[in-house]
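Novice: The feature domain 'Translation initiation factor 3 N-terminal' is assigned by TrEMBL to 3-71. If you look up TrEMBL, you'll see 81-163 marked as domain 'Translation initiation factor 3 C-terminal'. Residues or ranges marked as region 'Disordered' in TrEMBL: 171-225. Positions annotated as compositional bias 'Basic and acidic residues' by TrEMBL: 186-205.
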Amino acid sequence: MRVNDRIRVPEVRLVGPSGEQVGIVRIEQALSLAAEVDLDLVEVAPTARPPVCRIMDYGKFKYEAAQKARESRRNQTNTIIKEMKLRPKIDQHDYDTKKGHVVRFLKAGDKVKITIMFRGREQHRPELGYRLLQKLAEDVQDLGVVEAHPRQDGRNMTMVLAPLKKKSEAQAEVKAEKAQATANKAAEREAEAEAEKAHREEQKKTATPKKPRRRSENLDPDMEA
């Protein structure tokens, strides 16, 4: 990316600092306009005819581009691809179990690679695997979307599901749910303690007070005689 004096063309299509279209101007005029506002002239589309240049803060532009690149790499690093294997003639109980795992993975913000494994004559019935993958995708459509559509890969058929939420969003949601569950338990324990305390207080109020014994009841009968 060429900047300022390194832009060696007679004229450019100039874009102003706020994105406004200035039009085609001589390179000297473009450099002068950039200098007037203490910014840089940056060539953003060198292959255009004439090249497109924009007046901007090049230092700030490089910093923001580097930040975006780091964020992109971080998201790629955090994205984990889980794998789930199914047979084309899977029974309902096993299907529900496998689907539960897929749901958990998607909720955690992870991608899931679904593999249908064919054996023997099943290899001549690819429609069984396709229908199963379609059903699974429909069952979890509230949590994920099909990123890689079903395709035959030797004896297997694969499909990739991607979560609707980013990994960071999913993790934040899980933390919030855990915090809410902890708060709910604490509130329940506090309510139980208050109820127990009120119960004890009520028992004290309703308890029958003991009558004091009369003096004659405390005397020994032999002494009275």
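Cβ atoms here come from the backbone N, Cα and C positions, even for glycine.
Worth saying up front: this structure is predicted, and the values here are computed from it rather than measured.
Distances, neighbours, how buried they are, the whole picture for these features please.
Specialist: Across the domain 'Translation initiation factor 3 N-terminal' (3-71), mean pLDDT in this model comes to 94.
Within its own chain, the compositional bias 'Basic and acidic residues' (186-205) is flanked in space by no residue lying at least six positions past its ends with a Cβ under 8 Å from the stretch.
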